[in-house]
């Protein structure tokens, strides 16, 4: 029966367009890797799976096309002042919350204040720190209304003032921290506004049921301004933590899209479900942090270079990870917008590299009598373990003795933030599509700068890029900064992440993209 | 009997208090906290979070606050699943785990006990070796192997049953997880029943019964069964508490919304309130089921009397 329905819809889609109004009820079942922390975007914990649900039920000032391109969302157009510090957004006049209440600039002012309110203790509040007074508000030094956002013309215009021109600001608006919050509902229900009975959303879908650890169900929001172009009636997000179980459920036809299958299954899936198996570049960097703090062997640039020289990235990518990660020599992942990645300069001749590495270690005072001994920490997963063992083996010919420690993620990150390691596994997935999001992790004194890398010249370049409006000049500054860090061997770039999805071949409107964002509003079924 | 029950229930209070105190402080001693993750928080943001959850207060204050709230039946908010309170999470998940656990135990009893008795009666025969060999395999093969195999065979290849999901508790969705949950229990029960039955069958009163000329079935059913069940019953108390509070493996593989995963995930996330909630809940359940076991004991064995 379902098949017939879908083929009818398929015929219709062919005859009119992809976004034809659907005739029959269509439900999309998506398997996501974890549980959403909250429908209150200020309380979200940062799992990549969370944004899938949130982007379906909320819409920010801008939204994403199937290919990841930015389209107008709640704002239909915007202007930037000459100094690049003031953005004026013109709100969509027919935008409504799912209860029919209009979405106005007030909801954005309220939502952003809600996020930055210290009482709400949002983990991701710093995303909006480019806004004037955001940090002061978030640290309780200034009242909420000091925030540099305004609702003008009776809510028809939203104006944001930034501390400095922030060229990636529009990119940043795609993140869920920049979504609005329904002021009228929060005022009416208080914290309980997120309960399934009270919640209102402004996206293409709206939540109707949440069984913790099992399923979230959303249905098409009839008040959404583009509701007649949304093909799906209902989307179920199933929490599937066991990745192999996810593949089983996909094969059994219980889910139509599985977000992230396990890398070890890639070979089998590629051979057996070639049409459903998707793998594409993703804005994520898998790297080893080198501790540059005083007193650590890795504080010596020669040691850092030697360790980099001895790592065979292609072997890790192809033989250990079966091609589900791509070898990398840069910190910023390939595919980031308006940017050319700057690679660490290492020759392809492995023998020459090993010889140079040995020489460098000898110069640094390490040799058979005084072997280099390193503490390598990683968080406990099979993938990280395999990679750590391989890298330790690659360093062994240099006479490096590696002491490996693994711990659960919580302990791992706490330990490396305290600087108690020489080498440590880390990864970073882009919050927004801009090189700055990665490079700022190497800025002196930043919390996520686990290795304590510090180069005043690097910091200066980043500071300068932050106030440069000209896109090309800014790109040049950021590229120069990355090259500087690579020349310093500030870390060990290892792999670029890839997005791995299983998508039922009868689905249309799915396009692989570097941010791996796939709003369900573009999805439809055809046969 | 009533006096005894009340006394036992009263004794549960200090027991639970010890459990609460120990787990509260052990959790805080564990390295890492609820806000440590891949992304370091700025000191200001971390301070906001600590204040919001009262983690900035002295530990003793936090402890007293927790116990105080607990006495009012408030387990507090979850650190991780923010749209739910701990009470809501347990209230939503426990019925699922309970239902699965109930069927799994029932299945295990219906299959495990008769198998154990048969093996005991046919000691050292091919049947005995067959049953005990299978039981050993059942114990040895962990459920994280059995469960995916079941899902693959019956969910994907044969497509007889759903490979996962709860679907509001439809029986089709329950079959595979119940089987996966019960296999180890069947094996344990069969082995335990066999051993205990063999021991009882060798005792004097059985010899007397046989000497009186009773039929073998009467000897087994009327005389041997009840004493042979005693060790099984005492095993079942904690085992039931364990099974009805869910299994993280089975829940993750079949995607079931039970509470088993919270025991593991809450600890990994350092979700202090959820850890405490699950520990107190589980502790209470154990205390209760142990009491039930003791009461069943007196029904099975006339020598045991609790009247004072």
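Placed from the backbone N, Cα and C atoms, the Cβ positions cover glycine too.
Nobody curates TrEMBL annotations by hand; they come from automatic prediction.
Taken from TrEMBL, the feature domain 'ABC transmembrane type-1' covers B:94-297.
Marked as transmembrane segment by TrEMBL: B:9-30 (among others).
The transmembrane segment annotation in TrEMBL covers B:100-121 (among others).
Remote same-chain partners of the transmembrane segment (B:133-158), defined as residues 6 or more beyond its termini with a Cβ less than 8 Å from a stretch Cβ, comprise 115, 164, 175-177, 179-181, 183-184, 186-188, 190-191, 247, 249-250, 253-254. Residues or ranges marked as transmembrane segment by TrEMBL: B:133-158 (among others).
Within the chain, the transmembrane segment (B:170-190) has long-range Cβ neighbours (under 8 A, six or more residues past its boundaries) at 99-101, 103-105, 107-109, 111-113, 115-116, 119, 131-132, 134-139, 141, 143, 146-147, 150-151, 154-155, 161-164, 232, 235, 239, 243, 247, 250, 253-254, 256. Feature annotation from TrEMBL assigns transmembrane segment to B:170-190 (among others).
Taken from TrEMBL, the feature transmembrane segment covers B:228-254 (among others). Outside the transmembrane segment (B:228-254) by six or more residues, the chain places 93-94, 96-98, 100-102, 104-105, 113, 117, 142-144, 147-148, 151, 163-165, 173, 176-177, 180-181, 185, 188-189, 192-193, 196-197, 199-200, 260-261, 263-265, 278, 281-282, 285-286, 289-290, 292-293, 296-297, 300-301 with a CB less than 8 A from a CB of the stretch.
If you look up TrEMBL, you'll see B:274-297 (among others) marked as transmembrane segment.
Sequence-distant contacts of the transmembrane segment (B:274-297) (same chain, at least 6 residues past either end, Cβ-Cβ under 8 Å): 1, 5, 8-9, 12, 15-16, 19-20, 23-24, 27, 66, 70, 75-76, 78-81, 86-87, 89-90, 94, 230, 233-234, 236-238, 240-241, 244-245, 259, 262-263, 266-267, 304, 306.
Outside the transmembrane segment (B:100-121) by six or more residues, the chain places 127-128, 131-132, 135, 174, 177-179, 181-182, 185-195, 197-198, 201, 220, 225, 228, 232, 236, 239-240, 243-246, 250, 256, 258 with a CB less than 8 A from a CB of the stretch.
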